[in-house]
Amino acid sequence: MDDPYHNNVSQQMTEGGDYTYTQDGGGQDGYPYQTDYPPQDEDAASDATEGADEDDQMYEGEYQGIPHPDEIKEARRAARVEARRKARMAAQQEEEEESLPEQYETIMEDCGHGRFQWMLFFVLGLALMADGVDGFMVGFVLPSAEKDMCISNADKGLLGLLVYVAMMVGALVWGGLCDKMGRRKCLIYVLTIDLVFSFLSCFAQSYGFFLFLRFCSGFGIGGSIPIVYTYFTEFLQMDKRGEHLSWLCMFWMFGGLYASFTAWGIIPHYGWGFAIGTHLQMHSWRLFILVCLFPALAALIGLVFMPESPRFLLENARHDEAWMILRQVHDTNWKAKGEPERVFTVTNIKTPQTQEDEFIEIQSETGTAFQRWTVRKMTMLQQVMANIMSLSAPELRLQGLLLVIVWFCLAFSYHGLGVWFPDMIKYMQYEEYESKVRIFHRERVERFHFNFSLVNQIHREGEYIHDKFANIEIKSVKFESSLFENCYFEDIKSTNTFFENCTIKNTVFYNTDLWQDKFKNCRMENATFLHPKKGCHLNFQEENDIVIYMVSFLGSLAVLPGNIISALFMDKIGRIRIIGGSMLASSACTFLLLLSFSQGAVICWQCLFYGVSVAAWNGLEVISVELYPSSKRGTAFGILNGICKFAAIIASSIFAAFIGITKIIPIFLAFAALVCGGMVALKLPETREKILS
């Protein structure tokens, strides 16, 4: 028999004794052939069966808690898969973050501009109007409040200073919080704080308590401007932002008009006040504060029906809420335009998830309720601080520095001259009044009944014997080195009236406000004071000159043309030209103040300056919300608005110091600041075609 290996044939014998032949060739004859397969024994096993039997056996290390080698391999393989998944998600998230601004802009264009934006416009406008009212309120109530509460000149200045400090702090705090808590929620908090503390300040009888309540109110309303502009911007498409944000600025002007008009109509009417008990006196200036609460109250009620900013929700990975709000905006606008059949077709919106959000979610699942609250608030504070620090990033550092310079220069000149104008008018009134003073020297009046008012007089070395002063007003009168003997004073109202180095003998003062502070180095001999009016008392005819209200009213009204022009041309000629041109034109207007030698001239130049400079304010506020990304927009605007208040504090102190001394220095400072700010503004990047990042 031939060797089977040499013939490329292999033989295999079955257990039944039969053979099967397999040829290594590739032909049909090489296929194995077998007649019948006999049944195998139970213990017979193939390779596959043997492998299955080994897997079914218990791993001996399991009893000792040692992981199976296959489990270790599986865990490593799962870790690698998870790492690759996270890498893909990170890349996808970066792509989504880059595409979110473009997608959001497309969605807002699809939603259109219509009824929804106009409703939000008026609600946010009322909130901005409330800020304007608060800015004018202190100046109107001070002339009455200082008499009602016996406020000294130093304390009077402290009130204005603290209100500005409170607004500065409020802008910094609420601007940062609105990027983490939400625009709508923070604005509700801001208006509520202002309403509560302003309402309580109406009933404050002591100056210290009144000061504290006005500080708290200022802290609240100080955050309204950063939030309002940030909030409204995120509901506007690119080609509508400049115009409609400029229209929104007009509400600050309406706040000034409202405050001026209501103060003019309420404060001089002393009889409109009333008493609650014996200690609580509600004079008309307190009623004026109550009336000033109406814009904030109306804005708060309107905000209840407004949604949160969808852009804020998307930045915080709240996709479903943002989608519902965007559909609401879409449906509201197109139904109002007569096209209710249009359907909101957006089905998916990019929503990046932040590490801070994950951290809060993890921490919120553990600990007590107080611990979770503490963790959330501390984390939010850390996020706000991180947001502030991130503004110093290289890509934001230069434009942020330029904005700071422009904001400071414009606020310094605007608020400085805003203090200088009314104080200069008052000084001119005082000079004119002093020039008409009547001087009486060594007059002797005996047994005479003074039943007419004494106004703007100086009496030196006079003698008044058996005279009666009854039911009269003594205004800006000074008695120097005079003798009053056997005289009778009854129902006297005095304003800026003093007795210096006088001798008063056997004289009765009945129901008068002539008290210790009115007598300087005087000698009293048997003088009697019956039912004296101690302390300070209101004299509305003296303290509330009509010029105070008229100047504020005309100054607020003068910005109307500038507002309209800036709104119409903001998107046509650009923000940079508006800001730079307005500031340089305003600097030219300041030189006209050198030609002001009368009250009327000062009022005219004031109106001209306000009308020209308002365009710079509008452009600056528009560009400030457009330059920064959504996650930092409120924080950045809050810092810029805080710098504005800081500049106002410095300017108020400097400009007020030169009243009555010289007008050259205040005018030169305002001119230099406006020129510097205008030149720097021309270096800012143009944003009229910039998609909100």
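Every residue gets a Cβ built from N, Cα and C, even glycine.
Caution: TrEMBL annotation is automatic and unverified by curators.
Annotation comment: TrEMBL describes 39-59 as compositional bias 'Acidic residues'.
For 120-688, the entry in TrEMBL reads domain 'Major facilitator superfamily (MFS) profile'.
Among the features that TrEMBL reports, region 'Disordered' is placed at 1-69.
What TrEMBL records for 118-145 (among others) is transmembrane segment.
Positions annotated as transmembrane segment by TrEMBL: 157-174 (among others). The list of residues near the transmembrane segment (157-174) in space but at least 6 beyond its ends in sequence, with Cβ under 8 angstroms from a Cβ of it, reads 134, 138-139, 142, 151, 186, 189-190, 211, 214-227, 634, 638-639, 641-642, 644-646, 648-649, 652-653.
For 186-206 (among others), the entry in TrEMBL reads transmembrane segment. Long-range contacts of the transmembrane segment (186-206) within the same chain, counting only residues at least 6 positions beyond its ends with a Cβ under 8 Å from a Cβ of the stretch, are 127, 130, 134, 149, 170, 174, 177-178, 213-214, 216-217, 219-221, 223-224, 227-228, 231, 279-282, 286-287, 289-290, 292-293, 296-297, 299-300, 303-304, 634.
Residues 120-121, 124, 127-128, 130-131, 134, 138, 159, 162-171, 173-175, 177-178, 183-184, 186-187, 189-194, 197-198, 200-201, 204, 244-245, 248, 296, 309, 621, 624-625, 633-634, 637-638, 641, 645 of the same chain, all 6+ positions outside the transmembrane segment (212-232), place their C-beta atoms under 8 angstroms from a C-beta of that stretch. The transmembrane segment feature in TrEMBL is assigned to 212-232 (among others).
Among the features that TrEMBL reports, transmembrane segment is placed at 244-267 (among others). When Cβ-Cβ distances below 8 Å are used as the criterion, the transmembrane segment (244-267) is approached by residues 113, 117, 121, 124-126, 128-137, 140-141, 144, 228-229, 232-233, 236, 284-285, 287-288, 291-292, 295, 540, 544, 546, 549-550, 552-553, 555-557, 559-560, 563, 566-567, 570, 614, 617-619, 621-622, 625 of the same chain, each at least six residues removed from its ends.
The annotation transmembrane segment is assigned in TrEMBL to 287-306 (among others).
What TrEMBL lists as transmembrane segment is 400-421 (among others).
Listed as Cβ neighbours of the transmembrane segment (546-569) (distance under 8 Å, sequence separation of 6 or more from its ends, same chain) are residues 136, 139-140, 143, 243-244, 246-247, 249-250, 253, 256-257, 259-261, 263-264, 418, 421-422, 425, 429, 578, 582, 599, 603, 606-608, 610-615, 618-619. Per TrEMBL, the feature transmembrane segment maps to 546-569 (among others).
Summarising the annotation, TrEMBL assigns transmembrane segment to 576-597 (among others).
Taken from TrEMBL, the feature transmembrane segment covers 603-623 (among others).
Annotated transmembrane segment per TrEMBL: 635-658 (among others), in sequence order. For the transmembrane segment (635-658), same-chain residues at least 6 beyond its ends with a Cβ under 8 Å from one of its own Cβ atoms are 160-161, 164-165, 167-169, 171-176, 178-179, 222-223, 225-226, 229-230, 384, 387-388, 391, 400, 403-404, 407-413, 415-417, 419-420, 423, 624-625, 627-628, 665-666, 669.
As annotated by TrEMBL, transmembrane segment applies to 664-684 (among others).
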>> How about the transmembrane segment (603-623) with the transmembrane segment (400-421) - do they touch, taking at least 3 C-beta pairs under 8 Å (6 or more apart in sequence) as contact?
In response: yes
> Taking the transmembrane segment (287-306) as the reference, which of 118-145, 400-421, 576-597, 664-684 gives the largest number of Cβ pairs under 8 angstroms?
Replying inline: 118-145
